[in-house]
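Per Swiss-Prot, signal peptide is recorded for 1-21. Annotation source Swiss-Prot lists N-linked glycosylation site at 34, 84, 109, 133, 203, 225, 240, 265, 281, 337, 362, 420, citing sequence analysis. Sequence annotations record features per position, and here Swiss-Prot assigns GPI-anchor amidated glycine to 428.
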């Protein structure tokens, strides 16, 4: 592996020295390898966890812990689709280190600040490692399937039936702003992980949980009815979850789309097959001339740091949906291929000449840059190979990761932990909430006018 890493890095450095922009020919595997190696190298420029005094698994500011989990999931896709193990040592070290003392992705450095959605994205990365048969950790370390099950179990224990008839709150802890909000990404991620665990393990309990979460989301109108299933942002317990925050984000649509695809592939149910197609129908809202974009914020150029990474997860979920549900392949691969070519043209900026941008419509770099931009370009490009690689493995078909159905339940519960909130704490939380509210109003005004 060390030899491969050295060769891989030398290849990237050579390409960097003599190449000004990413050139991509999707009919040429070597072209795709060269393009994605440049983008992956640029992504890892933001990684600081291998530097003295820094935290293993974490990227530079301003990138939060949850996005680090998303980034390692992206690098797993890069390894799998591009047959490139250059960064595998870093992936393993990061995902083990950040698992925490209880092996449930609630590490001490995040244990009072992380939300359900934050934990979920590390769990999704662990599930990907299990399904792709990624190198297993040493026997004395937690295994990928175990980690994914621990995330699912700890999240499921937080199911809040006392308000709005169920659902997960956005935040785990009462002192964090957003505790009174039940958002789609937390609930959609629980549904998504349950669907993947059902298929991998064959355990019906996970199917039951996926159906439970799905029906609750439909009941509070986070998922629309009809043949186009749009997915909305969240609801507040302050009004008994009766008013929907109607923003649509790519990664929320992708979580429900891919989760439905996993359930159809496992159960063979016509219902989940239909739902998969209906989520795919609604995904059209995120494409213009076949190119993916973040519709809620990209137009007014108001995407924040987190939102600039959402297309990465959407591309990932599109790719796996195409693997699992044959009827979706023509549409999805058309979107991925068109978007990949456009993304490559955007990767022509920065001092290195191949920094990726946010807006892929321009045919050139738009001046934006960051971890999210690199992740999005990389995911959309590597997932053009979705049909050239095996579908996710299961325990009965190629998967070797070892789990435990009770993983995570031995730890001290973190469900709705109490705290004596001071007036100062409430004031601080109020300021944060106000800022979020202003941002939402600004987006709404742009969408209307």
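Just so it is clear, glycine is given a Cβ too, placed from its N, Cα and C backbone atoms.
Looking only at the glycosylation sites 34, 133, 240, 265, 281, the one with its C-alpha closest to residue 225 (N-linked glycosylation site) is 281. The DSSP secondary structure for residue 240 (N-linked glycosylation site) is coil. In sequence order, 55, 65 make up the list of same-chain residues 6 or more apart from residue 109 (N-linked glycosylation site) whose Cβ falls under 8 Å from its Cβ. Recorded residues residue 265 (N-linked glycosylation site) and residue 203 (N-linked glycosylation site) have their alpha carbons 14 Å apart, per Cα-Cα distance. Within 10 Å of its Cβ, the residue among the glycosylation sites 84, 240 with the fewest other Cβ atoms is 240. The two recorded residues, residue 281 (N-linked glycosylation site) and residue 84 (N-linked glycosylation site), show a Cα separation of 33 Å. Listed in sequence order, the residues of the same chain lying 6 or more apart from residue 337 (N-linked glycosylation site) and placing their CB within less than 8 Å of its CB are 26, 384.
Applying an 8 A CB threshold to same-chain residues 6+ apart, the list for residue 133 (N-linked glycosylation site) reads 393, 398, 399, 400, 401.
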